């Protein structure tokens, strides 16, 4: 929450009001129903306060419409001149919120002190109007305005017209309608042979002004079939004539075969849910317009991005892309593989046979699942080891991998020998649902590596072999974490049978971006931008718009929502796989946005420009702004409300929790599986994109992030501190009227204790209703100030972006280690102080200090007798009145209980 600071400096030549030629002035400032005052300056007509008054600003955007009322009074009680309860009015100033400047983090930046003349309260007020009261006002520094959300009003169908009926039935109402000219080149027949060689390699060129699109050429084919669709943006039409030209591919100059010409103004309009336009046969004509041999089947229509042909069409935005790279620019939908936790309980083995017959082996088990390797503990000198270790892995459908169980002998450090192996197909592993009984363990034969290779040969007589006892099964009741739990988009268990029904629908319109950073300026290009959105197991990728800093996608996507307490992530990337790019080139990140669904109002359309902020080793950079339209529609209100009372994760996470030391490793493995699977799609969703969307390095150490978390804790404690300060002011009678009211309320609650809980809950209700006026009206977004990213030190950023293990010189590592030791030392001191307070509390009855314990138990006995014979209300009244006593009955020295507690022993003197 923002704050307004009013610093009252001084005033001079005030009007005497105490009847003795002087006055005892103080200043009262009122802002937004908050009132504070300065100290009283006794008998001073030229007072100097230099006092800061701080007010809460609920909505900084409304500050310009509010007024700050400053009034100067003579304190009659302080002057002791007259009786009475009213202070004398000395003048006032009314200041508009428009004139309040923003504070700056720059220490060289200062605000000028403003002088204001005192105004009369009314026509007959008797004051000196000329003397000014001097004040210095400012708002504490807030986030850079460039990093804030900007609300927009694009012409969306969802806002421009009333929609009745089912709210989820209409599509593409969260994006601006974009019209396209579609050309579906289906096939041709009876094409004439133009070459003297007697062969025809036909292809079709679709030409509209300067835009040209081509199909693939088909060798030696007079009846070719293409089935290719072209889309030309109506906003960029450069001609009124559409030409569809059939050509013969030649090593020299391609031969003209025939063409069909369309008048763009006569092309029909087709909008879904209309059925697709039926293609027709058209006679080919020569360059003069005369009919020639051959026909071509075409469908030509005007449509929008809602057309089902839109995703797979060749777009005029990518007119210079080759056919081999065209797939890399198209919009696609991807699904993450279905993940399971695989639990393997390695129990024991029997009759292990070492290679060296003269020694007992030091066996351990190595379990391999795909690229995951987990060993058990090493046992010393035994042929019948009992490990009783549980290992967990991540498996994905389809179950094509094998579980490889390898029992090995640790002969020397770094030297192992295989004692036997067993292989289990993943498709044969049973599943466990929630808390059902796990399957029985199985004895498996351990084969020597040579025997395993000969297993597929002729069947041989059974002979002696070592055995291993294992229990293995797939955990279908867990949710496999592939992203951080702080901003997870899916919390459903692996098994579909255990999933709850959906509670609503999330609709996302990816509209446009502006002011993008040029990512290919060295190549003489701007940016080839595309967006990726991830929610649940569904990923979407928009088409790539080439060489522009202001792309307009206007694509809309939909997800089912099972839990409102989830987060959708939208990222923007620069496509590095256009013509001539290397296969190992990495798509560059431009920025991303995260939005929590529970912060959205249902059925409301949110349209904003989100800043694309990226933290780099050189500091925080803004790479542009992304315009999104968002709507969360609830389809099951009862289920959604009930969801708030259910556990965040499936039942198994609480009944049989996964050890904390395994969670990060399993999440990393799940990320690797998802990235590897999506990278095999066409077009691939590349590993660097998936890792950026899933925040693969979120758990790494960052001093900046640690500072941000510390400030978050301090922000939470500021509320407790404010309550303690308010109560301290009550105890010291800073505001006598408020203190008296608290006394009355306290006595009422003591006399009628049954009113305590109703009063508390009624107070919470009233506060909630009061805060409804100031509720957030915008979705949350990346906060640079909260993240401590806008003022991070360069060395801290260099440390955050360092590899693991470090690649920095030893002197820098030593400096950072010393800094970490210094920070850890302060943390260690705080933890030690907390431990000391707890140990002092334990020492009350432990007789560590026999005199202190004796005093405490005797005092406890006296209090027990006193409280027993005295009614509880009397004890509560006495205690409350003592706590709220007037300052003249207080001492500046610590109280007796505090002194007694601090003298109790702790274990700090026992530390070495």
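Cβ atoms here come from the backbone N, Cα and C positions, even for glycine.
Here TrEMBL flags 1-111 (among others) as domain 'C2'. The domain 'C2' (1-111) scores a mean pLDDT of 80 in the predicted structure.
What TrEMBL records for 162-282 (among others) is domain 'C2'.
Under DSSP, residues within the domain 'C2' (320-444) fall into helix, strand and coil as 10 helix, 65 strand, 50 coil. Per TrEMBL, domain 'C2' is recorded for 320-444 (among others).
The domain 'C2' annotation in TrEMBL covers 487-610 (among others). Secondary structure of the domain 'C2' (487-610), assigned with DSSP and counted as helix (H, G, I), strand (E, B) and coil, comes to 10 helix, 57 strand, 57 coil.
Per TrEMBL, transmembrane segment is recorded for 740-770 (among others).
A Cβ distance under 8 Å defines the sequence-distant neighbours of the transmembrane segment (854-884), meaning residues of its chain 6+ beyond its ends; these are 730-731, 739, 742-743, 746-747, 750-751, 753, 844-845, 900. According to TrEMBL, the feature transmembrane segment maps to 854-884 (among others).
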Long-range neighbours of the transmembrane segment (740-770), counting only residues six or more past its ends (CB under 8 A):
730, 873, 876-877, 880-881, 884
Just to be sure I understand, if DSSP states are collapsed into helix, strand and coil, how many residues of the domain 'C2' (162-282) fall in each?
6 helix, 52 strand, 63 coil
Can you break down the domain 'C2' (1-111) into helix, strand and coil residue counts using DSSP?
13 helix, 49 strand, 49 coil
